[in-house]
């Protein structure tokens, strides 16, 4: 876990993926560092320190979600993103707000299970190789038991001794074969050999109909209860040794992992370091003018106890939300943060306003991050043997176009660059397998040729860019 990062180090890490938005990065970095500080306090005082939840305000595509997602990945914390508009007030058809906590716990269980399985992978692979040897050289079929009592009377006297000798010879032969096969497996000589492997068959859930109705938890509990009484079905699959080894290693690793211990550690991690990102919070804010807004206020009132700190029942046990970090975000075009109910406003003491992207920001987004868009397209086209180079003037022109289209139509932030680059390189991507040139240079002239007519026609740019 990277909980011991300093705020400055956290911001530096976020800078590798997200351009600008210094204030938002500082706020989340301090919130994360406060968790580390809290863990170093005496246990008696630790429970008194509650996380300072964050409300991010800014248009779409400026980095709100990405900041929270990268932050969680950085420290290995359980993280989920939910949309406030997906929830309904208790009593209505739809998902209830407690499902976000259950989803977070499920995420934590997956994380901890993967970590535990990674820790026993060497031992699991050894066991998998032993099973492979047995599958490649199976036991000889035993002589069928006597079904007729007269067989014992008429059986010749020396047959028992002969059978024992034959059986011993058979065992020795199998042992010798298995030793030889184990050596061949170690050398990788049998990787393409086909072997029959038994795997658990996952039956279709009879409770899928409960999805989205707010009754998922009841469905999961019923399925677990029935699962204990109903034996697991097995099915055989013919796989190459290389694939069979992966399947068997996973099976053996699961046997070595204590799921009770996993559930306990996962709930503890979700409670102490879980991050829940609630997007579109502005869509449930609004003045009480009609019935729809009354329902929105109901969602806010349901979210309130979760954010304040309450106990939620999950299939892995009860989970407290007191020390989870909640990050809410919204564009607030049609409403203001003050339109949220006062109690909920008070639970998000840190307000961060993210800035709109400038031409300079777009230039940096295209080139600076470690996963920059231009790098992505260059690597994709390199697989076809084409090296694509962008001139500085072309990059500047792309940034200007993105900014201009955002100003003239809907402002979708950095996501505009995806659309523009896809349109720019559409022909090149289509013809790439047939192009013999090793290097293609994207100049400002090429950009203007492909995009200027679309940008100038406002109606057309609304549909294409």
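The backbone N, Cα and C atoms fix where each Cβ goes, glycine too.
Quick caveat, the model's predicted, so the values are computed rather than measured.
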* Asked: If Swiss-Prot says 61, 62, 63, 64, 65, 66, 279, 343, 415 bind ATP, which of 19, 109, 112 does it name for the same site?
  -> 19
* To do: When you get a sec, could you say which of 130-152, 153-175, 176-198, 199-221 is annotated region 'Disordered' by Swiss-Prot?
  => 153-175
* Structure fact -> In this structure, the one of the binding-site residues 19, 62 whose CB has the fewest other CB atoms within 10 Å is 19
* Sequence-distant neighbours of residue 64 (ATP binding site) in its chain (C-beta under 8 A, six or more apart) -> 24, 56, 58, 279, 329, 354
* Please find, for 19, 61, 62, 63, 64, 65, 66, 279, 343, 415 as listed binding ATP, the greatest distance between any two Cα atoms, in Å. => 34
* Asked: Highest CB neighbour count within 10 A among the binding-site residues 66, 343?
  -> 66
